[in-house]
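A quick write-up on the structure given underneath.
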Amino acid sequence: MFCNILGKIFTISCFGESHGKVIGCIIGGCPSNIKLSNIDVQIEVNKRKPGISKYITSRKENDKIKILSGIFNKKTTGAPIAIIIKNNDKKSRDYDNIKNIFRPGHADYTYWNKYKNIDFRGGGHSSGRLTANIVSASSITKKYLFKNYGIVFKGYVKQIGKNKILFESWDLINFKLNIANIKKKNIIKKYIKYINKIGDSCGANINLIIKNLPIGIGNPIFDKLNSRISYYLMNINAIKAINIGNGIKGIKYKGSKFNDIITKKGFKTNNSGGILGGISTGQDIKISIFIKPTSSIKIPQKSINKFNKKVKFIIKGRHDTCIGIRILSVAESMLSLVIMDFILNFNSYKI
């Protein structure tokens with residue numbers, strides 16, 4: 001049995017497959033009277049949809065969303081909200097030659113051993129395509145959190161492959177590469193083109209920031225803010241590691257340098273990434289995520305099939321050379337979901 005529900009108060013349940021008729025989500029625990037239209041949801045979904053840049057997958061999906069329930073007079077009612085997205089640009093025949101093969105880096109091997117019946121087309125239910133549902137739900141959470149608390153979620157690609165990309169300005173970020181350095185633009189473009197030309201893929205490092213989060217969000221022992229953030233983010237395909245604040249860099253520091261000194265005006269530094277004892281400090285929440293190279297590559301690979309026979313194969317189809325570019329919008333969305341869940345729980349203490 002699949003576990004498809006995320007969240008405690010504000011919940012999301014996802015359904016669908018990469019090459020099925022539709023993908024969709026059911027959102028529960030949403031407060032009433034939030035203004036919400038198809039356009040609000042579409043704006044967010046467009047940030048991650050395929051086919052908008054030559055540097056990502058060429059699969060062209062309109063990703064046109066449709067809200068089925070939970071809205072009346074252009075506002076949320078408090079009832080479950082159902083949103084669907086049709087799958088239009090499917091090429092299932094690209095997977096016929098590998099339907100019995102366990103692709104390295106994919107979920108085929110584990111899914112088959114657990115369920116014995118999997119949809120091999122584009123990864124089926126395990127496909128990153130279902131992250132469009134996460135982004136759909138974030139249209140509600142981002143809007144609610146900004147309007148009521150001024151909370152903002154930002155991010156940028158810090159590294160692609162071996163290429164480190166220094167941050168220059170938020171104004172430089174666009175959806176094609178999601179980098180914040182205009183000087184590195186052409187270098188990154190050439191690098192991705194080269195990796196794509198040789199049929200391989202590359203990983204990425206992304207920095208994420210949550211701004212204006214109030215003090216007191218999170219819990220002291222279990223259900224810490226940092227543990228829930230990590231849990232939500234690790235539910236995104238391809239993310240293999242997470243760093244909060246200067247957690248990794250900090251192993252080189254002495255305690256006298258790592259400790260964030262507190263003054264009457266606030267903290268002098270933010271090595272802890274805005275979280276102490278599992279609870280937000282009021283500073284920016286700083287997170288870094290590490291994305292593995294895309295598993296689907298066009299280079300010949302070796303594996304075994306369902307019959308335990310050795311095989312050599314090539315993956316066809318259309319895939320991202322660097323999935324990290326599109327994961328940015330999904331990661332920002334995931335952060336908004338976990339913060340929404342915490343905020344609603346936090347407010348319940350005031351009743």
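Each residue, glycine too, has its Cβ placed from N, Cα and C.
What Swiss-Prot says about this protein:
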BINDING   Arg48  NADP(+) binding site
BINDING   His125, Ser126, Ser127, Asn237, Ala238, Gly277, Lys292, Pro293, Thr294, Ser295, Ser296, Arg318  FMN binding site
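Everything Swiss-Prot records as a feature, shown here on the structure.
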residue : record               : Cβ contacts under 8 Å, 6 or more apart
Arg48   : NADP(+) binding site : Thr131, Ala132, Val135, Arg326, Ser329, Val330
Ser127  : FMN binding site     : Glu17, Ser18, Asn237
Ala238  : FMN binding site     : Gly128, Ile291, Lys292, Thr294, Ser295, Ile323, Gly324, Ile327
Ser296  : FMN binding site     : Arg103, Gly105, His106, Ser201, Ile315, Gly317, His319
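Its Cβ placed at the centre, His125 (FMN binding site) has 20 other Cβ atoms within 10 Å.
Within the set His125, Ser126, Ser127, Asn237, Ala238, Gly277, Lys292, Pro293, Thr294, Ser295, Ser296, Arg318 that the record links to FMN, no two Cα atoms are more than 44 Å apart, and one pair reaches that distance.
Just so you know, the Cβ of Lys292 (FMN binding site) picks up 17 other Cβ atoms within 10 Å once every protein chain is counted. If you draw a 10 Å sphere around the CB of Thr294 (FMN binding site), it holds 23 other CB atoms from the protein chains shown.
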